[in-house]
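For 48-66, 116-133, 140-162, 168-194, 206-228, 234-255, 338-362, 374-393, 405-425, 431-450, 462-484, 490-515, the entry in TrEMBL reads transmembrane segment.
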Amino acid sequence: MGVDHQQERRSDCRRYNKRHSITLGGSYGETATVGPPRQPYRMGCVRVVEPIVALFAFAVFLSSPLNQQYIYRRFGNFSTNDSTGSTCSPNGSDVEDELEKEAQAAASRFQVRLDLVGFLPAVLASLVLGVYSDTSGRRLMMILPCIGYSLESIVYILIVSLELPLPWLYLGCLLRGATGGYASILAGSFAYLTDVANPANLNMRVACLDMLIGISGGIGAVISGHMLQAMGYAFVYLCVCLILVLCIIYVACVLEETITKDIHVESLIPAEDGQDDSIATCDSAAEIRMRIPAEARKKRNVLTKLLKQNYKSFSNLFCEVDSGVRSSGGPGSKRWRLALLLVAFTFYLLAEIGGSLPVSLFEMKAPLCWDALLLGYGSAVGFAIFITSFVGVTVLSRCLSDPPIALIGISTFTVGMAMICGVQTTLMMFLVRLPLMFTIMPVAVMRSMMSKTVLPSEQGTLFSLVGSLELLAGIVGSVVFNNVYAVTVGWFACLVFLLSSAVAVIPFLILSVLWCDEIMCRRRRGISALQDESAQTH
């Protein structure tokens, strides 16, 4: 009878558990399901992250050329409604040339200050969101940056429409940075991609994602000039805001979460003496609502918990790799390769981002004097390197390992940046982009190499760190290269491009070391295999 009574109580309890679910009052708002685990509710059913990246890149690069043009026109006291022509002339007077140089220098310095305002909030937000995404899902890491960029677009609309002072742009940069910025959504997207991609074709998938960024960005850059001429700044920023809202809807309602967090109430309730701790009785279930708040109140110190969790997650990245974990150096190796890859990745981005930042200003000055339309076409041709880089990674991966592929990309980038110094005509400016066709290959390959050195549960942490280093490279590149350009624009504007080529030598040397180490590892494995085979035969 006692056994029958216990089974009856368990049956009643299961029926109770099936009808009730309780939301914890903890720091993350976890949902605790009473009783047996059940599948979480899913807003989305699609596991394709490429559309969100394409739409987001289109929106960002639709507005990015206009931001610099608008700031430049405001500092030069040019009419913001006059967007049909260039603001300089190759045959202009000395006074006009001097005013143009002053406007370029002022716009460059103001852009540096804007980048500095959004830098620290973006780094902190990216690091926190990266660790959070490894345990609670990737979607929040993609939604928040879209919200931040949409708010920044609204700030631009208000400034353009009401002719507010330019310092109001600091508010837009702060909102964008506080929500993670461009690096966060890329980190979330690449982490999501590693969750769903086959490790065998990870190189190609990462390069494909980079290619989509290039295609979407190129289309946005071309359309931006036409839209600016036809409708003005405010309408373009309104379109950007609407596209970002579409991104938010896609992530929230269509994209499926790859990581779910399911906390059960039984783990929060200690088992009493003589009671089966795997079964929650009806009496204990009735007391759950009284006991969960008491347990949840122990999690109030959110800041301390986040700091400890972030420190532990990032320190674990550089711990020893356990046996069986994917690693470029083989199981059991230390992750010194990851540290070298992060350094190489940062310096290459510093060279690539820093060298590309002054290009628009260089094209707007004499002797080129490009207008909005030519700037759009130039940006589109520049973004074509994403396509050629994807083709390069796809083809070269069939016959080469990762390090030499990255070295080829760095070499072509170094040559292309140095060739800009000889540009005197519009045709030469378009042709000089040919050596830059494999510029993005090192970025995609190094991302893939780093992803292969960490655990699957550490992808979000890794890519948030990579995203933060991208922000660091962007801000340092903006400060250093824009200031160098502002100082040297009057006597040697091309010095900044030579500096970019020189910085690219650092990642070239690091990847050369990694390539040599890879060759040595292969030889050691080959010798070890021969010795084992010889021992077995004897």
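Positions of Cβ are set from backbone N, Cα and C atoms, glycine also.
Contacts between the transmembrane segment (405-425) and the transmembrane segment (234-255): absent, as fewer than 3 C-beta pairs lie under 8 angstroms at sequence separation of six or more.
Beyond the ends of the transmembrane segment (116-133), by six or more residues, the same chain brings 28, 140-141, 144, 170, 173-174, 176-181, 183-184, 187-188, 191, 259, 306, 309-310, 313-314, 460-465, 467-468, 471-472, 474-475, 479 to within a C-beta distance below 8 angstroms of the stretch. At the 8 Å Cβ threshold, with sequence separation of at least 6, the transmembrane segment (48-66) comes into contact with the transmembrane segment (206-228) through 3 or more pairs. Sequence-distant contacts of the transmembrane segment (374-393) (same chain, at least 6 residues past either end, Cβ-Cβ under 8 Å): 61, 65, 69, 203-204, 207-208, 210-215, 217-219, 221-226, 356, 359-360, 363-364, 405, 408-409, 426, 429-430, 433, 436-441, 444-445.
By the Cβ criterion (under 8 Å, sequence separation of 6 or more), the transmembrane segment (140-162) is not in contact with the transmembrane segment (338-362), since fewer than 3 such pairs are found. Tallying C-beta pairs under 8 angstroms between the transmembrane segment (338-362) and each of 234-255, 462-484, 490-515 places 490-515 first. Away from its own ends, the transmembrane segment (490-515) comes close to residues 101, 337, 340-341, 343-345, 347-348, 350-352, 354-355, 358, 362, 365, 401, 403-404, 406-407, 410-411, 413-415, 417-418, 420-421, 442, 446, 481, 484 of its chain (Cβ-Cβ under 8 Å, at least six residues beyond either end).
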